[in-house]
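Engineer: Quick one: this structure, given as structure tokens, is what I'll be asking you about.
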Amino acid sequence: MGAQSLVSPARRKQVLRVLFISLLLDLISFTFILPLFPKLLEFYRNLEVQSSNTVLSRILSGLNAYKNSFSKPINDRYDIVLLGGALGSLFSFCQAIASPVIGTLSDRYGRRTALLWSMAGNIASVALWCAAVDFRTFLASRIVGGLSEGNVQIALAIATDISSDADRGKTMALVGACFSIAFTFGPALGAALANVTTVAANPFATAAGFSLFLIVTETVYLYFALPETHLVDQPTTNGTAHTEKRAPVKHTRTNSHSLLNITHFAFILFFSGMEFSLPFMTYDLFAFEARDSGKLLGFIGLVASLFQGGVVRRMHPLRAVQTGVASAAVAFFILSRLSTQKELYAAAFLLAITSSTVVTGLNSLSSFEAGSNERGEKLGNHRSFGQAGRALGPLLFCTLYWWAGRDTAYLTGAAGMVGVCGLVFGQLKAPKGLDVKKVEKPADLLAEKAGRLQRRRGVAKHGRLDVDASGVARVTGTEHASVSNVDGNATYRLPNGAVDNSPGRDVESPLPPFSWQAVPQESLSERFDWVLDAFTSFRGIGWTWERSGLPPPPSFVEDALGGAVNVVERPEPVRVSKTGVRRLSDRAALVRESAINLVIGYIVLDAVKTLGIHDRYMWGYMDAAPPAFLPGIIRQSFALTRIYRLSISCTAIYTALWFAFKLGPFFFCGVLGPRWIGLRGEPWMNPACMFGSFRSVLDHGLAGWWGGWWHQTFRMVFEEPASWLIARLGLEQKSAAGSLVSVFTAFFLSGCLHASGSYTQLGDTRPILGQMRFFFLQACGVTLQTFAARGLKSTGITQKLPKRLRQLGNLVIVMFWMYHTAPLLCDDFARGGIWLFEPVPISIFRGMGLGPKGGGGWWLWSDMFAWRTGEHWWDTGIAL
């Protein structure tokens, strides 16, 4: 990836302006038809239903034969739903075919040339719509439009041509903003023009005519205003190609194009089906007219444009994708159960976030993985996969909607979107060079930055190194590092020291030195703080016994601990451990990330609690029937019911812990910070999350689940007894016997910890047969899979399998094992009444009426705290 763009800032600004205006015209024209589809298809059906020789009548005849193949009777009004899905699929199928060709041609002949030819096809398509007095002509207009529409992908290629890596996300967000603005005004304008009839034979000719006017205007504007941004070989006077010799540039990829394309396909498959069925669902539930559908789509576009302009352009592309797919999953669940327009608009708000983030982020990630001579082709392939998903999505989703009903369709979509979340959160990585901006700065600028850091932390720029009689070195200033020469387990910290400006004693020290502090001897309060810190630091962050699963502290801290002098903080925003735990050095970035994740976690907790209220199993009734809102295929299946309940329970467990881990960095680094708690408020002392990457599970199975992905809060207290026992038995730590002792000791201690919690609960729990047995079985599963994997590796079988196949095998084994063992843990949680606790004070979903009748409204903690007066002082106080 090229770090810098060869385009001047003025040229880039000019091209972006042309790109923005042309895309806006194109997309507004494109969105005219979206709210018109139900009425438009209904018009053609009523027009041609009496004749058996028309294209539409033959399609409807085949549709009726397809419907009659099901035993379930289906109303004829749903013909429009399936017909609309088929038309959407046809358009996208044509796009899937044409996109790679258009992209390759833009690489070979230039972006401008390919774009102008694409515009010629668009003009022909809209002209056919203007003249579409029958369905056959309208069908031809959709086919021509699908085969010629290349504006978006070429615009993305142009945006990539003129942008450096640092500006790529902002430029892609600008393209995404065009979509958002177009969806704000285009559908509403199209719905308004549909009410104006100028041609009796085609009531929609006014909307089509205005769309044609916009397309022609855009084409003329592009012809005169758009320069070529992709240099191609030009023929010389003798007809031969003149090629400028350029040094080959090695392009390093972080995410394979196959992974990005599959993710794009899977997301669009579900999202496009929902997107296309939305007007039909509102027509079915609320009798929406074209004006109402335009208003809804306009609301989505408005929210998306605000989110795009205010948030997405500042977000990391990967984080944008993650935010979008999570919002989509929640929106699907709401759409499956909504009954009021308020709930509809709540889902629309989440869908607006999705529409403003996912595709923009994926396009940006794909552009980072493409070299300058292949951008058109790679972005064309990427779009082709998305359009293939869009071709299948409307057809499959509308068929499911038509056959099984709204609930089943949207719950299926929600399950699919959860699978997409697994791909996005577990597989996609940030492109190399995107997180860390390596900018060379002169020494004086680095010194100036160091001075600003010192002043911000309250450390004097010109400190004085002084060694007192106790052997403790201090840098004089307002806030300094205490350096101890005594060996032992210790932590770095910044106690205050006296200012001494004696002449000749000043030493230039941009950052204070760090060292290990043994048990303090001077002050009782400092000794108490030292002991309290050691007692509460479960993973040893900032201690000599810090766990290996954590990434190391910033390099300037390591340099100072190694004895370096005049250490200067270098740009190093993040360090990542081998298990995926991240350690940030930028306080603002850590606080911002924690705040966003806290909001997401809050919404997920509320959603999970709302779903759990409807299931009496979550109340502790083990034999309760599944909730009534689930589709019959789930309620009638023991396995599917178990999977649903395990998914809800495990999501609640994970999200609650994840939320708690995010609170720590936000509070200690964001609220308190170094000013109040010294070194403990530094961002690199507060890992962003205690959970690792899910890739550990894919690579190592159950061992990766418990040893890499799951939080390692108690790892030290589980490992140390095991190490002591292995030493007493005279075993090697990494031997087979040593590994067995280590694994079973750790899981035995974890089982004891969780069984103790189970014993103290009020319900009829099973501490030994439930939670203790669960963790014993995890030790068995880890051991069996580990030794089986070693055996297969020794035979050479594992090495011959593709990595993706090995990861799939690990995932299947983990899911199989959890399906059979996790009920021991989840059932005991339900018996003990854990799910009865209310985690959120204000419920978004129950406030919208998604909870049970009488289950509370927005505010839920009205009875959470109360003052209790008992007979004695020990039973008087605040009752929870």
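Yeah, the Cβs are placed from backbone N, Cα and C, and that goes for glycine too.
According to TrEMBL, the domain 'Major facilitator superfamily (MFS) profile' annotation covers 15-431. Annotation comment: TrEMBL describes 15-37, 80-102, 114-133, 172-192, 204-224, 259-276, 296-313, 320-338, 344-365, 385-404, 410-428, 643-661 as transmembrane segment.
So where do these features actually land, and what's packed around them?
Structural biologist: Here the transmembrane segment (80-102) has long-range neighbours at 37-38, 41-42, 45, 59-60, 63, 114, 118, 139, 142-143, 145-150, 153-154, 272-273, 276-277, 280, 376-377, 380-381, 383-385, 387-395, 397-399, 401-402, meaning same-chain residues at least 6 beyond its ends whose C-beta is under 8 angstroms from one of its own.
Note on the transmembrane segment (204-224): residues 18, 21-22, 25-26, 28-29, 32-33, 36, 40, 43, 112, 115-116, 119-120, 122-123, 126-127, 129-130, 132, 189-190, 193-194, 196-198 of its chain, located 6 or more positions outside it, place their CB under 8 angstroms from a CB of the stretch.
Long-range contacts of the transmembrane segment (259-276) within the same chain, counting only residues at least 6 positions beyond its ends with a Cβ under 8 Å from a Cβ of the stretch, are 84-85, 88, 92, 325, 328, 331-332, 335, 351, 354, 358-359, 362, 365-366, 369, 381-382, 385-390, 392-394, 396-398, 400, 409-410, 413, 416-417, 419-420, 423-424, 427-428.
Same-chain neighbours of the transmembrane segment (385-404): 70, 72, 74, 78, 81-82, 84-86, 88-93, 95-96, 99, 261-262, 264-274, 276-277, 280-281, 359, 412-413, 631, counting only residues six or more beyond its ends whose CB sits under 8 Å from a CB of the stretch.
Long-range contacts of the transmembrane segment (410-428) within its own chain (CB-CB distance under 8 A, at least 6 residues past either end) are made by residues 255, 259-260, 262-263, 266-267, 269-271, 273-274, 318, 321-322, 325-326, 328-329, 332-333, 335-336, 365, 397, 400, 630-631, 693-695, 697-698.
Below 8 angstroms of C-beta separation, residues 597-598, 601-602, 604-605, 608-609, 611-612, 615, 617-618, 626, 630, 634, 689-691, 711, 818-819, 822-823, 826, 829-830, 835, 839 of the same chain, each at least six residues beyond the ends of the transmembrane segment (643-661), sit close to that stretch.
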Engineer: At a threshold of under 8 Å on Cβ distances, which of 15-37, 114-133, 344-365 pairs most often with the transmembrane segment (320-338)?
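Structural biologist: Ranked by Cβ pairs under 8 Å, first place goes to 344-365.
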Engineer: Suppose you look only at the domain 'Major facilitator superfamily (MFS) profile' (15-431); what would the mean pLDDT be?
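Structural biologist: The predicted confidence over the domain 'Major facilitator superfamily (MFS) profile' (15-431), as a mean pLDDT, is 79.
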